[in-house]
């Protein structure tokens, strides 16, 4: 058992959860398990946990508390996060590239559900070891930004709804996450959808652990379920296309309510919300690149936004930050279009995008590390 260091403050033994036995600082919500010096926590950093659902409070959190106690101390939160990216990326590739429905869909379903657990384990491990930091939050949200787009790709693949108009894809799956990045800047929490409410019903935990795995598994059990035609007034509706439109309508309604509540407060940071995303939509429309090549450019835009917030650069240089956020989608989409024209394979284009994404993330994290050491 790791050595325990007692610091000044209020402590409680959280044994009321039978899966926890470590001591935690009540006032700061920090673990007091001793960790190597190279993994020391950034004391200037404070993590604001998003509002959680009943499913998370009663099932996900206790399960993760139980699992994380068996993790060795050399397993860093960032390593756990990258393992989650590997799992969800592999599951997405299996589903999106499969020509035929095979048992691999069952494996993909299990992998995605495991990712939903891992998405919570990295934060648990960080608090357990006392190494919460800006760089850790950056890489966690960077992976989340990719996952939000992969969910959209999987839903369109499963339901056979490859819309020519990519705006439906962007509105349904990408806009909510970009709005969440903006909310993270204004309020200090990255919150998606109805999790803004006091006690939300549906959060990313339900989506990643239950809904997405269930839909992938359903495709294996009932391959033709999304091709069912049913009458509606004077015409027939396709179940798959109807599902996609329902997701879009739900997203539009949720974002509209969210925007109304935020702008009704007279928020002065709305330019950071509207200008970059409008330029992203316009550039995407003009160059008309495939949906699958939009995943990493969109993620890079979100990662830049979160980096500017965590590094406090956006507070020191608001105008320059707005310029960077506005130019970023234009440069990313145009460069992607150029890559597509230069390479004969879509896989090569995405591989180059992934390399650039990792390079940018590495540079951002190194900069945040340097801030943590000063």
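Cβ from N, Cα, C; glycine included.
TrEMBL entries are annotated by machine, without manual review.
Remember, it's a predicted structure, so these values are computed and weren't measured experimentally.
Some features that TrEMBL has for this protein:
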TRANSMEM  75-95  transmembrane segment
TRANSMEM  101-118  transmembrane segment
TRANSMEM  168-186  transmembrane segment
TRANSMEM  207-226  transmembrane segment
TRANSMEM  238-260  transmembrane segment
TRANSMEM  293-310  transmembrane segment
TRANSMEM  322-340  transmembrane segment
TRANSMEM  346-369  transmembrane segment
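Panel annotation: around the transmembrane segment (101-118), residues 60, 63-64, 67, 80-81, 83-84, 87-88, 90-92, 94-95, 147, 205, 207-210, 212-214, 216-217, 219-220, 223 of the same chain, lying at least six beyond its termini, place a Cβ under 8 Å from a Cβ of the stretch.
Scored by C-beta pairs under 8 angstroms, the transmembrane segment (238-260) has its highest count with 168-186, from the stretches 75-95, 168-186, 207-226, 293-310. 207-226 is the stretch from 168-186, 207-226, 293-310, 346-369 with the greatest number of Cβ pairs below 8 Å to the transmembrane segment (75-95).
Residues 133-135, 138-139, 142, 290, 292-293, 295-297, 299-300, 303-304, 307, 310-311, 336, 339-340 of the same chain, all 6+ positions outside the transmembrane segment (346-369), place their C-beta atoms under 8 angstroms from a C-beta of that stretch.
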